[in-house]
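J.: For reference, the structure I am asking about is given below.
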Amino acid sequence: MILFFFLKLVSCENHKHRQKLMLDKKEHNYEKAILVGVITQNQDEDKLTEYMDELEFLAFTAGATVQKRFTQKLTQPDSKTFIGSGKAQEIKEYVKENEIGTIIFDDELSPSQLKNLEKEIEVKILDRTNLILDIFAQRAQTSYARTQVELAQYQYLLPRLTRMWTHLERQKGGIGMRGPGETEIETDRRIIRDRISLLKDKLKIIDKQMATQRNNRGKVVRAALVGYTNVGKSTLMNALSKSDVFAENKLFATLDTTVRKVVIGNLPFLLTDTVGFIRKLPTQLVESFKSTLDEVREADLLIHVVDISHESFEDQVESVNNTLMEINAHQKPMIMVFNKIDGFSYDKKDEDDLTPSTKKNISLEEWTKTWMGKSKYPTVFISALTKENFPEMKKMIYDEVMKIHISRFPYNDFLFEYFDNDEEEENNNND
Ligand SMILES: Nc1nc2c(ncn2[C@@H]2O[C@H](COP(=O)(O)OP(=O)(O)OP(=O)(O)O)[C@@H](O)[C@H]2O)c(=O)[nH]1
Ligand SMILES: [Mg+2]
């Protein structure tokens, strides 16, 4: 269904009209959805629950309410329908009975799996990538973000068009079957390719402007907030720069980069708030958000924000580190900021309880003695909401920025002396 819709879209004559449709397409009015996840050999059930929780949050952010979760244990996904046929039947019955409009899979489906499932169950089917692209499309505000998202959408679509055609071709008997169908798809493919190169050109121009802007920022250290989505980067940005960046309890609240001048002590530096990372970030998005990520790549210092109240925070840290590696920003100086300590809780064990401790029994104090304490990066525990431990964090940021400042701009003979005076900052921070 979706592919068909896309095809209709790209055949549309008017470019502007088409672009608008492309971005505005699936506006979900809190439609009813179900989730489907598969446990494979290298996953356990706890992990699956965590992944499904995240998928449900993504679905909610996109505008769907989840009615039920379906899971299945498989040694390997079915090549035709991803899940087994019995499970597909069970889902079909549930969907019919409960008038479900959307099925969301946690994994990326191959084009033929998607097609077979839609044929079998007869409702709209989305995979994780599709869902994330959709959220980005709904949330992109500036023309820059919209251009990046549109590029990612077309890049997602293009191989699916190709492979879908290959699939049809095989059905029809292959070579020699050159009919009107193919011409149509060929035309659509050409239109998409043209559009992709147009968007790339457009982005190149913007990239150049942004690079110039970055170069014009003068001799100041640049720090960037990085971290998993929804950990509190924008909230921290607002607290540090007294600005008003949009923050909310949904995923990907921030798509556009915001840069603010921040002064700690007497030391001015630039702080960038940027898009959050997520597990299995679609590659199309990483690529088309290249210049947004340039802010991270070109930063002198990374402030890695972690939501320590989230039960999967360790996985999230790993995920962020992997993405940093992918964009080649993993060797920069970094500060680890463990946020949301106000929301942190743990199951304190009774003293006579001799069952082995799990991660759920670890207090903050004990966490600091794990890998966290041994980290080569300065580490601090804060709450961006209550501002607990802000003086400690500010001193830490100050020290790191100062180190970089001295090595970078040795002739910038300003005397920056550290002091923590909020009143002074109030005056300095209004840029
Ligand atoms: N309890 C608690 N909530 C917080 C804290 N910091 C941020 N939040 C909440 O966490 C949610 C996400 O905050 P954001 O600042 O939007 O997070 P972000 O990292 O910018 O998220 P994206 O832009 O979506 O990647 C919001 O509802 C904040 O109010 C904190 O220290 N404690
Ligand atoms: Mg944000």
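Even glycines carry a Cβ here, placed using N, Cα and C.
Annotated domain 'Hflx-type G' per TrEMBL: 221-405, in sequence order. The feature GTP binding site is assigned by TrEMBL to 227-234, 252-256, 273-276, 339-342, 383-385. If you look up TrEMBL, you'll see Ser234, Thr254 marked as Mg(2+) binding site.
What's the neighbourhood like for these features in this structure?
T.: Mean pLDDT for the domain 'Hflx-type G' (221-405) in the predicted structure: 88.
In this structure, Ser383 (GTP binding site) belongs to neither helix nor strand by DSSP; it is coil.
Around the Cβ of Thr254 (Mg(2+) binding site), a 10 Å sphere holds 24 further Cβ atoms from the protein chains shown. DSSP assigns Thr254 (Mg(2+) binding site) to coil, not to a helix or a strand.
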J.: Please report how many Å separate the Cα atom of Lys233 (GTP binding site) from that of Thr254 (Mg(2+) binding site), as a whole number.
T.: 9
J.: Given the binding-site residues Lys233, Lys340, which one's Cβ is surrounded by the fewest other Cβ atoms within 10 Å?
T.: Lys340
J.: Less than 6 Å between Cβ and the nearest atom of ligand 2 is the rule; apply it to the binding-site residues Gly227, Lys233, Val275, Ser383.
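T.: Once distances to ligand 2 are taken from each Cβ, Lys233 fall under 6 Å.
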J.: List the binding-site residues Asn230, Lys233, Ser234, Ala253, Asp256, Lys340 whose Cβ sits under 6 Å from any atom of ligand 1, in sequence order.
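T.: With ligand 1 as the reference and 6 Å as the Cβ limit, the list reads Asn230, Lys233, Ser234, Ala253, Lys340.
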J.: Using a Cβ cut-off under 8 Å and a sequence separation of 6 or more, which residues in the same chain sit near Asp256 (GTP binding site)?
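T.: Those within reach of Asp256 (GTP binding site), by Cβ under 8 Å and sequence separation of 6 or more, are Gln141, Thr142, Tyr144, Ala145, Val275, Thr292.
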J.: Cα distance, Thr254 (Mg(2+) binding site) to Asn230 (GTP binding site), nearest Å?
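T.: Thr254 (Mg(2+) binding site) has its Cα 9 Å from the Cα of Asn230 (GTP binding site).
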